[in-house]
Amino acid sequence: MALQTPMMKQYLEIKAQYKDAFLFFRLGDFYELFLDDAVKAAQELEITLTGRGKGEERIPMCGVPYHSADHYISRLLEKGYKIAICEQVEDPKNAKGVVKREVIKLITPGTIMDGKLIVEKENNFLCAVTRFEDQSYGIARADLTTGESRVSLVSEQDDLFHELASSSIKEVVLSPGWTEEDAHRLRQSLSVTLSEEEAEDLPKGYESLCENVEQPKLLRAFGRLLQYLLRTQKRSLEHLQPVQYDPPNEVMKIDLHSRRNLELVETLREKKKKGSLLWAVDETVTAMGGRLLKQWVERPLLSKKEIERRQGLVQSFLDHYFEREELRDELRHVYDLERLVGKVAYGNVNARELVQLRKSLQRIPAIFALVEKIGNQDVNERLQTIDRCESLVDLLEHSLVDDPPVSIKEGGMIRDGFHKELDTYRDASRNGKSWIAELEQKEREATGIKSLKIGYNKVFGYYIEVTKANIHLLEEGRYERKQTLTNAERYVTPELKEKEALILNAEESIVQLEYDLFLQVREQVKDYIRPLQALAQMISELDVIQGFATVSETHHYVRPALQEDRAIAIKGGRHPVVERVIPNGEYVANDVDMKDGRSILLITGPNMAGKSTYMRQLALIAIMGQIGCFVPADEARLPIFDQVFTRIGAADDLASGQSTFMVEMLETKYALQKATQNSLILLDEIGRGTSTYDGMALAQAIIEYIHDEIRAKTLFSTHYHELTALEKELSDVKNVHVSAVEEQGTVVFLHKVVDGQADRSYGIYVAELAGLPNVVTERAETLLAELEGEKEIVASEKEVASTNEPTQLSLFEPEPLEAYKPKGNKQPLSDEEKTVLHDLQSVDVLNTTPLEAIRLLNQWQQKLR
C-alpha cells in the first residue's frame with residue numbers, strides 16, 4: 001500500500017505532530033503536500049491536485065517549487081493558516097534508507113519574519129491570553145519582527161475583546177479550557193488565528209526580560225507567549241525587548257465597536273487605511289515611524305504631562321520649517337531598523353540587509369544634528385543618552401562591499417583588505433584568469449589560428465576550442481580531445497589542466513571563506529541589538545513628531561489647550577478626514593460648546609445634514625488631542641477623556657445572528673455600564689430599530705440615565721422630535737440642530753449646527769434624492785400633510801406634582817381613533833398607518849444598510865396587513 005512506504009510513514013509521523021498546520025514536506029526541489037492537506041491546499045492555492053499510487057490506494061498530493069514557496073506560504077497565511085516547514089536535515093548521499101527530515105519552523109500569522117509577507121507600517125503582534133481562576137485575563141503580546149513585547153491585565157471578557165482590538169493582533173494563543181463558543185466569538189470579532197499552549201512557566205534564561213513585571217498573573221501570561229514562540233520557532237529569542245507593563249488607567253479606552261465606527265485605522269466598509277484617521281494624520285516617512293503612529297492612534301494618552309510633552313515637541317518642529325524639511329529628507333534614507341535588528345537576532349539577515357543597516361546608521365549624525373538645531377530641550381537631553389553605534393558602522397564599512405548579492409552562499413560580499421587569506425585566494429583567482437587570457441593569445445600565435453579561443457563550462461572545465469577547418473594546424477600529441485561539436489573540436493593541454501585546478505580551488509575557497517566571514521560579522525552585529533533598538537525607538541518618535549508638525553501646518557491645525565474642568569470649547573472644528581475628501585473650501589466648520597448646563601447635546605435635523613459627521617468630528621478631535629497631535633479647529637479647549645463610546649450607524653451582526661436593534665442595545669449597554677463622568681458618549685438614532693413608541697421610550701430613559709447617573713459628555717442625535725421637550729426638564733440637556741432651508745421646493749442642507757430644535761426631518765425629500773418612485777413619495781407627502789394637519793403626538797397633560805423628578809413624556813398611548821377625522825371621502829388613518837409613516841419619516845437613508853431596509857419594509861408591511 002502507498003501509505004506503508006517508508007517515506008509516507010515518515011510523513012505521517014511528522015504530520016501527527018502538526019495536525020493544525022499544512023505540512024510542507026521537502027522532496028528534492030519541491031515542497032509536497034499529501035492527503036487532506038493536499039486537497040485543501042490545492043483548493044486554496046488554485047494548483048493542480050495529483051496523486052501518488054493507483055486505484056483505491058492513490059494518495060492525493062500537490063506541490064510547489066521550494067524556490068517560490070514564499071508566494072504560496074503568504075497566500076495561506078493571509079487566509080489564517082499555519083505552515084510547518086519540513087526539510088531534509090542530512091545529505092541524501094549519506095542517508096541509510098529514508099533521508100532524515102525535521103520540521104525546522106512553524107510559520108503562523110503571528111510569527112512571520114519575512115518582510116515581504118507583512119505590512120510595512122503595521123505591527124504583527126502575536127498575543128497570548130491566559131484566563132485565571134477569578135475570570136480575569138492576562139494578556140501578553142509580542143511582535144517577533146521588531147522585538148517589542150507588552151503585558152496587561154483585564155477583569156472581564158468584554159474588556160479583553162476591546163483590549164485586543166487596540167493592537168494589530170494577528171494570532172491569539174489561548175490557555176486551555178476555552179469553550180468553543182467563546183473561541184468562535186473571539187475569532188469572528190477580531191478575525192484572528194487561534195492557537196493553544198498549555199505551558200505557562202517562564203522559560204529559563206528569559207527572566208531578565210521581566211524585570212518590570214511583578215504580578216504573577218502577568219508572568220504566567222508572558223510565560224505562555226514565550227513557550228509558544230520557542231516551540232514554534234525552534235531558536236533563541238534574544239532580540240525580544242524587556243517586557244513593558246501597560247497599566248489599565250494610562251490610555252484612553254476605546255471599545256471595538258467605537259474603533260470601527262470612528263474608522264480610526266481603517267474604513268468601516270472597505271477595510272482600507274485611506275479614509276481613516278490614521279490616513280489623515282500619517283506624514284511619517286519611515287516604516288517604524290508609521291508603526292509607532294498607528295500605536296499612538298490606537299492608544300491615546302491620559303497623562304496630561306505626557307500629552308503636553310508631545311505637544312511641545314510638535315510645536316518645536318512646527319517652528320523650524322527648514323530644519324524639519326531637511327530632517328524628513330534624511331529620514332527617508334533610513335531603512336526599517338527595528339525589523340533589520342529582528343532579522344539579525346533571528347539569524348536570517350543577509351549581506352544586502354546589513355548594508356541597509358550601515359547606510360541607515362550613517363544618516364544618524366546628520367539627523368541628530370538637525371534635531372539639536374530645532375532646540376527642544378527634552379529631546380536633546382534624550383539624544384545624549386543614545387548610542388550612535390559608530391563602531392558598528394566602522395565594522396560594516398570595512399567588511400562588506402557596497403552592493404552585495406542577496407544570497408550569502410555565492411561570494412561577492414566581503415570587501416578586499418578585510419581578511420588576508422581571502423585576499424590571497426582572490427589574487428590566485430584573478431591572476432589565474434589573467435593567465436588564461438595570456439595563454440589564449442600565446443596559443444593563437446603558436447598555431448596561427450586567429451579564431452582559437454579558451455572557454456569554460458561546468459562539465460568539462462576550461463578548454464581550447466578550434467574550428468574543424470584549422471585542426472590540421474595543431475601540434476600532434478600536445479592536445480587532448482575532450483568534446484566534438486558540429487563545426488569545432490575542444491581540447492585540453494597539461495598546462496591548461498594544471499592552471500584550471502588552481503583557479504577552481506581558489507574560487508571554491510573564496511565562496512566558503514566569504515560565507516564563514518559573513519557569519520562572523522553577523523554574529524558581531526548581535527552585540528548591538530539593544531542599542532540599535534533604542535536608536536530605532538528614537539528615530540520612530542522623531543518621525544511621528546515631525547509628521548504631526550507637517551500635517552498640522554499643511555491643514556491648519558491648532559494646539560488644543562487641556563482643561564482641568566470638564567468643559568469643551570471648540571471654535572471652527574472640522575472632521576479631519578471629511579475635509580480632505582470633499583472639494584476644497586466646501587467643508588462647513590462647526591463649534592462645540594459643552595460647558596455646565598450643556599453636558600448633553602440633543603441633536604435634531606434633516607437626514608444628510610451632517611449629524612453623524614458632527615458627532616464623529618468631536619470624538620476624533622478628542623483622540624487627536626490625546627495622542628499629542630494638533631487638531632482641526634480654529635481654537636480648541638478640551639478635557640482629557642478616559643473613554644470614548646459610540647453607537648453610530650446600523651449594520652446587522654450576521655455572523656452572530658443578531659439584529660441591528662440587538663447590536664444597538666448591546667453596544668449601548670456597554671457604554672452605560674462602563675462610562676464615567678470623564679467619558680465621551682456618542683449615540684446616534686438610538687431606538688430606531690424597534691417600534692416608534694418603544695424607541696422613544698428607550699431613548700428618553702437612556703438620556704435620563706446618562707444625565708442623572710453618569711454625567712458624561714454626550715452627543716445624542718434623534719429623529720424623535722418629541723424628545724426635545726427634555727431640555728426644559730433636565731438641567732444639562734441642550735437642544736441643537738443641523739440647519740436647512742427650503743428654496744423653491746428644494747431643500748438646501750447648511751451643515752451648520754446651531755442652538756434650538758429642528759422643525760422638520762425632510763425624510764421624504766431624501767427619499768426623492770435616493771430615487772424612490774414618484775408615486776411613493778407623492779403619496780407620502782399627502783399622508784404627511786394629513787397627519788400634520790389633523791393631530792400630532794404630544795406630551796401628556798398629566799404632570800407629576802410635588803416632586804423634583806422631570807416630567808415623563810407620554811409616548812406609549814396613541815390618541816383614540818376618533819380624534820382623527822377624514823378629509824373628503826378618504827378613510828381615517830389607523831394607528832398602524834400613523835406609526836409606519838412616522839417611522840418612514842425618521843429613517844436615515846444614507847446610514848441604512850440594504851439588509852436593514854428590507855427588514856424595515858417587511859416590518860411595515862406586516863403592520864399594514
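From the backbone N, Cα and C atoms, a Cβ is placed for every residue, glycine too.
Annotation comment: Swiss-Prot describes Gly605, Pro606, Asn607, Met608, Ala609, Gly610, Lys611, Ser612 as ATP binding site. Swiss-Prot lists 814-833 with the feature region 'Disordered'.
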Where does Pro606 (ATP binding site) sit in the DSSP three-state scheme?
coil
When a 10 Å sphere is centred on the Cβ of Ser612 (ATP binding site), how many other Cβ atoms does it contain?
23
Of all the binding-site residues here, Gly605, Pro606, Gly610, which one's CB has the most other CB atoms within 10 A?
Gly605
For Lys611 (ATP binding site), what residues in its own chain, 6 or more apart in sequence, show a Cβ-Cβ distance under 8 Å?
Ile603, Gly605, Asp684, Ser717, Val738
